[in-house]
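Visitor: Pulled these features from TrEMBL for this protein:
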- 2-138: domain 'Nucleoside diphosphate kinase-like' (DOMAIN)
- K10, F58, R86, T92, R103, N117: ATP binding site (BINDING)
- H120: active site, pros-phosphohistidine intermediate (ACT_SITE)
Amino acid sequence: MQEQTFFMIKPDGVKRGLVGKVLGRLENRDFRIEDLQMRMITRELLEAHYADLVDKSFFEGIATFMMSGPVVTGIASGPDVIKSWRTMMGVTDPVLALPGTIRGDFARAQENGAIQNIVHGSDSPESARREIQIWFGK
Ligand SMILES: Nc1nc2c(ncn2[C@@H]2O[C@H](COP(=O)(O)OP(=O)(O)O)[C@@H](O)[C@H]2O)c(=O)[nH]1
Ligand SMILES: [Mg+2]
């Protein structure tokens, strides 16, 4: 099914110069990059984006990490892009992410209370709609 997802290259991915590699993987799969913006995350945006994690003990670790430098945010489209991008990212924990996935190939183990795992991707059509609205207002 033709659909859109929201993706992000987190501060670790930007700092380590992996923007081109990550975007290249989307393009290799023939997904279309519909919108793209580099920006600093404000506390407000982060709390809206991770509304389900705000109460977790590790949220401050996430906040420090996610606001430590610019991120690249984008919208990608294509058939089944939401699930496909999640598969391409690999699982949350870099220790468990399989080689061949972005996290399995590039992410480092946990540091300073935040799992630094290079990328984000919407986990469902509802999340995609919500996140595209939060980040791109559309
Ligand atoms: N330190 C720490 N960070 C976590 C934990 N769970 C999630 N995170 C961070 O919060 C982000 C969002 O969590 P989640 O939506 O569950 O995972 P994702 O969808 O795979 O990114 C993850 O990518 C990690 O950066 C945890 O148990 N401990
Ligand atoms: Mg998530």
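Each Cβ is built from the backbone N, Cα and C atoms, and glycine gets one as well.
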Visitor: Widest Cα span across the ATP binders K10, F58, R86, T92, R103, N117, in Å?
Guide: 22
Visitor: Find the average pLDDT over the domain 'Nucleoside diphosphate kinase-like' (2-138) in the predicted model and report it.
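Guide: A mean pLDDT of 96 is what the predicted model shows over the domain 'Nucleoside diphosphate kinase-like' (2-138).
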Visitor: Only counting partners 6 or more residues apart, tell me which same-chain residues put their Cβ under 8 Å from the Cβ of R86 (ATP binding site).
Guide: G121, D123
Visitor: Where R103 (ATP binding site) and H120 (active site, pros-phosphohistidine intermediate) are concerned, what is their Cα separation in Å, rounded?
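Guide: Given the Cα positions, R103 (ATP binding site) is 10 Å from H120 (active site, pros-phosphohistidine intermediate).
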Visitor: Same chain only, sequence gap of 6 or more: which residues have a CB within under 8 Å of the CB of T92 (ATP binding site)?
Guide: R103, I115, N117
Visitor: So of F58, H120, which of the recorded positions has the fewest other Cβ atoms within 10 Å around its own Cβ?
Guide: F58
Visitor: About how far apart, in whole Å, are the alpha carbons (Cα) of K10 (ATP binding site) and the residue listed as 'active site, pros-phosphohistidine intermediate'?
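Guide: Spelling it out, the Cα of K10 (ATP binding site) and the Cα of the residue listed as 'active site, pros-phosphohistidine intermediate' are 7 Å apart.
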Visitor: What count of other C-beta atoms do you get within 10 angstroms of the C-beta of N117 (ATP binding site), across all chains shown?
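Guide: Taking all protein chains shown, N117 (ATP binding site) has 25 Cβ neighbours within 10 Å.
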Visitor: List, in residue order, those binding-site residues out of K10, R86, T92 with a Cβ under 6 Å from any atom belonging to ligand 1.
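Guide: T92, in sequence order.
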Visitor: I'm trying to understand the geometry here, so how far is the Cα atom of H120 (active site, pros-phosphohistidine intermediate) from the Cα atom of F58 (ATP binding site), in Å to the nearest whole number?
Guide: 17
